[in-house]
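Asker: Take this structure, written in structure tokens, and hold onto it; I'll ask about it next.
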């Protein structure tokens, strides 16, 4: 996913390991910090665009459409720049192929659901509750892996899922007790979690159609999304709402909208960068820690007061997610260390 440098991930990993410890530590710190800043900023900015009293703009589909449009234009611009400067930038050539676009379409429908439900959840719930509202992604991963891929899950992994579900229900209960619960936002959060899980499964199936390129997949996903969002904007009356918007000619408004699109594009890059400089397991741990920091920042920024049980629900969700990541990492390591049947046979024969 890197925009710059070599295209061989194994070579990149070896080059990173060969660097001095202090330099590697500094690089990892900068990359993780970049991921945190980008991700947290994007959530707060989207909350502003979707539910700000100063804007009073009730067009969540248009906000999502515009972010997809910005991502599409950025991908095409970088592809053109890479074609003119082949030695300075490593970015795939992007040409719109309708046959490929049709192949990617099923994933694009799930992708649209994922980003739309994410934004709708953020519109109706507070930033502090946002992570709990979308916390069932891991649970859906396990459920869909069994239903669609026939993959079983260990007892310990299921136990961590139980902790996540318990934290989710406790969080919903505490939001209700404080009078801030939005059932609409919570439902959108559950649907967003489902779509995130489906997106991961369909991505693996669709990647061969784009030659395994994440950037090509990003391009086609966002092109399809832009086309599919247009009838939704008309049916839901958001275009008319936008025409009547008092700040339609405001440079500040369009600047914030474009910044939201830039953050939406950047999160894919910094996510890949963090995985490249650390590991998928470390990335998941970093994401969990980031969610914790984001919740604390939201409570402080919006000057909210939360109960002990509310914080307990967040800790259950974050703790369960971290435990699931650790259990899956431990299980994968154990599988890799186990000798294959053929090696066992050779050992018994003394070969």
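Using the three backbone atoms N, Cα and C, a Cβ is placed for every residue, glycine included.
Whatever TrEMBL says is automated annotation, not expert-curated.
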Asker: TrEMBL tags one of 129-148, 289-308 as transmembrane segment - which one?
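Answerer: It is 129-148 that TrEMBL describes as transmembrane segment.
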Asker: When you get a sec, could you say which of 253-273, 316-336 is annotated transmembrane segment by TrEMBL?
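Answerer: Based on what TrEMBL states, transmembrane segment spans 253-273.
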Asker: At a threshold of under 8 Å on Cβ distances, which of 129-148, 155-172, 184-202 pairs most often with the transmembrane segment (100-117)?
Answerer: 184-202
Asker: Take the C-beta pairs under 8 A between the transmembrane segment (214-233) and each of 64-88, 129-148, 155-172, 184-202, 253-273. Which stretch has the highest count?
Answerer: 64-88
Asker: List, by number or range, the same-chain residues at least 6 past the transmembrane segment (129-148) whose CB is under 8 A from its CB atoms?
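Answerer: Hits for the transmembrane segment (129-148): 43, 118, 121-122, 157-158, 160-161, 164-165, 167-168, 171-172, 175, 180, 185-186, 188-190, 192-194, 196-198, 200-201, 291, 294-295, 298, 313-314, 317-318, 320-321, 324.
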Asker: Take the domain 'Sugar phosphate transporter' (27-321) and average the pLDDT across it for me.
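Answerer: The predicted confidence over the domain 'Sugar phosphate transporter' (27-321), as a mean pLDDT, is 91.
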